[in-house]
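J.: Once you've had a glance at the structure underneath, I'll fire off some questions.
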Amino acid sequence: MTTTLAGGRAARRQTMRRIRPRRSPAVPLLLAVWAGAAAVLWLWWHDTPSIADDTGRILGAGRITGLLAGYLMALVVLQMARVPALERRVGSDRVARWHAMSGRYTLCLVVAHVFLVMWGYARQAGRSLGDIVQQTADSVDQLPDMGKAAVGTGLFVVIGLTSAGPVRRRLPYDTWYHVHLLTYAAVFLTFWHQITTGNDFAVEPAAKTFWYGLYGAVTALVLWYRILTPVRLNLRHRMYVEAVIEETPGIVSVLIGGRKLHRMGAEAGQFFRWRFLAPGMRFSSHPYSLSAAPRPGMLRITVKAIGDHSARLRELAPGTKVWAEGPYGALTAQRRSRGKVLLVAGGVGITPMRALFETLPGAAGDITLLYRANTTQDLALWDELAAIAEERGARLMYAVNSPEGERPDISAENLRRKIPDVDRHDVFMCGPPGFAQSVYEALREAGVPARRIHHESFEM
Amino acid sequence: MRKSHPVRRVVLATAATVSGVVLLLALKPASGPAGASAAGAAPQATAAGQESPQGGAQGAAPAGSGTVTGDAVRTQYGAVQVRLTVSGGKITKAEAVQAPKGGLSDQKTQLAVPRLNQEAVAAGTADIDAVSGATYTSEGYRKSLQSALDKIKPASSGTSGAAGSAQARTVTGKAAQTPYGPVRVRITVAGGRITKAEAVQAPKGGLSDQKTQLAVPRLNQEAVAAGTADIDAVSGATYTSEGYRKSLQSALDQAGG
């Protein structure tokens with residue numbers, strides 16, 4: 001097994017040809033975002049000839065924050081439009097973190113904008129800062145589209161509050177999600193006052209066109225990728241539950257049948273957002289990774305019964321209709337460079353790793369899977385993994401707690417001992433946050449460059 | 001997986017935003033009192049120039065001609081005060097001697113006041129359209145304009161009647177609404193004949209600009225030639241033509257009466 005054709009140069013060249021690394025478009029996208037922000041600031045600069053006094057300064061600051069908030073708001077929505085370039089190339093997890101970060105920032109800008117502008121108006125009307133509430137009420141009452149904007153801003157604040165860490169942790173996912181959907185209404189409501197009362201849009205018709213273009217494009221993308229694309233996907237593939245299999249205590253696999261499933265364009269390592277049309281599950285969709293490469297008539301997900309939703313999966317009746325959106329996720333073969341690969345899985349994080357273990361191009365000995373679980377009984381899919389390892393000449397290792405319950409030591413030293421050239425591997429990693437963090441640190445210490453550690457984490 | 005530092009990030013974002021905004025504001029040329037009034041300077045300068053001949057005759061309008069200053073009307077952003085120059089019972093000039101100043105208001109004033117002046121001269125009444133984006137200023141302007149008009153009314157009602165049919169005078173018709181904007185016609189009548197017709201208001205913006213450019217001169221010609229409102233519509237500008245006809249009719253009604 002060790003000495004065979006596998007080491008041959010020809011074979012190696014052949015596998016190398018199948019590896020096509022693609023760069024994440026994150027950097028150009030971020031540059032475009034910054035350029036847009038600069039353009040928005042320039043707009044203000046261009047339309048403001050001079051500033052007379054402190055009132056002018058306050059209003060100037062209010063307008064800058066307002067313009068930036070309006071610009072970022074469109075991008076915050078865009079980040080959740082499920083645009084393939086973002087979901088599959090940048091990575092759903094990273095985009096979700098951008099979304100959370102820019103969402104918080106935008107909300108702060110909105111609040112600052114409201115406060116500054118109302119303060120400025122109060123000063124212009126000869127009122128003091130204490131009259132700002134009265135001033136706000138007057139402006140909402142008298143200026144065009146400000147009623148709508150006030151309602152929209154209120155919604156933003158509610159959405160922001162439900163997304164703040166401590167509140168979000170206490171809220172059921174579905175509640176949070178449905179409140180979050182109100183963002184669309186809030187964006188719509190606040191849009192109009194930007195056009196009708198925004199000084200820059202009154203003075204500069206080109207700016208108005210740009211603004212309509214920005215919001216129009218985002219609306220089109222949302223409609224296309226969040227509504228039309230999933231509808232088409234599900235009409236075409238008509239998925240249903242074929243069987244539910246208990247892999248280990250608490251971990252189940254759901255086999256999903258449908259038409260031409262290999263034509264969905266899903267790759268190993270990706271996930272779909274699944275919605276099972278069974279009573280009580282219809283209204284929430286959850287992301288689960290494929291635990292095997294897609295086959296023409298079948299997809300498989302493997303899920304650990306931790307949450308409310310995942311526990312119910314066990315009771316799914318065969319034949320239940322399934323609504324899926326995807327494929328999403330960038331933790332695929334395109335991330336790797338042309339070296340050996342180490343896959344690290346923690347617990348149910350094995351699912352995407354299992355799919356990659358089967359499909360990543362590589363000669364014998366190129367692919368190693370390290371599987372961490374509490375006990376050997378918890379090593380879900382182990383038989384399959386062993387079979388794949390056998391067939392491909394890949395290495396399969398596991399780390400479980402000792403009989404006394406002691407945790408295995410995944411340190412830089414141990415990694416180097418087991419895999420001497422670990423620093424020349426690409427590492428794909430999936431597991432609980434604490435585990436992923438400690439492995440990441442061990443890998444870095446063992447000399448693996450950060451850019452070659454690929455992982456997906458949905459922690460905000 | 002790099003360690004995230006939420007607190008550090010918040011501090012950095014706040015600091016960057018605040019300093020960015022402060023920097024932008026600081027780099028903008030600050031206009032002192034002199035500069036600040038630059039926006040409203042034109043009307044103010046002329047106002048000063050005309051102050052002397054007018055003297056203290058602010059309230060009592062001279063019959064037929066002179067200047068009248070309306071009441072100063074407070075708006076949320078400052079006072080608005082309109083002064084009219086009246087000649088032969090007609091407003092020949094409208095200007096704002098006071099208008100909101102400072103910050104956003106400078107621009108709004110710059111944007112709105114010239115348009116409001118034009119409208120006031122064209123309409124000859126306080127029935128003028130608000131400039132969008134400057135609602136408060138427009139409202140204040142209207143009120144001050146009305147108060148100025150109220151002051152000249154007693155005098156001018158006499159003059160306009162006594163103007164005599166031999167003398168040339170100008171009558172402005174009512175604004176006729178069309179789907180693309182109002183049309184308003186002013187005619188000069190002398191010796192019972194229309195000597196001149198012009199549109200003081202016509203649809204504007206986009207395609208309307210071209211249509212107006214195309215139709216209005218022809219309609220003006222036709223009106224002078226026909227001497228009645230029975231003029232042909234300009235093809236391709238039916239609505240404008242229709243509005244023109246209506247406004248022309250109302251001007252003729254006023255002139256003929």
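Quick reminder: no glycine exception, Cβ is built from N, Cα and C everywhere.
Here the structure is a predicted model, which means the values were calculated and not measured.
Residues or ranges marked as domain 'FAD-binding FR-type' by TrEMBL: A:234-334. Feature annotation from TrEMBL assigns transmembrane segment to A:26-45, A:57-81, A:102-122, A:146-164, A:176-195, A:210-228.
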J.: Using a Cβ cut-off of under 8 Å, list the residues of the same chain at least 6 residues beyond the transmembrane segment (A:102-122) that approach it.
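T.: Result: 55-56, 58-59, 61-63, 65-66, 68-69, 72-73, 75-76, 79, 128-129, 131-132, 134-136, 139, 153, 156-157, 160, 163, 190.
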J.: Could you name the stretch, out of A:26-45, A:57-81, A:210-228, with the greatest number of CB pairs under 8 A to the transmembrane segment (A:176-195)?
T.: A:57-81
J.: With Cβ-Cβ distances below 8 Å as the criterion, list the same-chain residues six or more beyond the ends of the transmembrane segment (A:210-228) that contact it, or say none.
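T.: Sequence-distant neighbours of the transmembrane segment (A:210-228): 39, 70-71, 74-75, 77-78, 80-84, 184, 191, 194-195, 201.
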J.: For the domain 'FAD-binding FR-type' (A:234-334), how many residues does DSSP put in helix, in strand and in coil?
T.: 18 helix, 44 strand, 39 coil
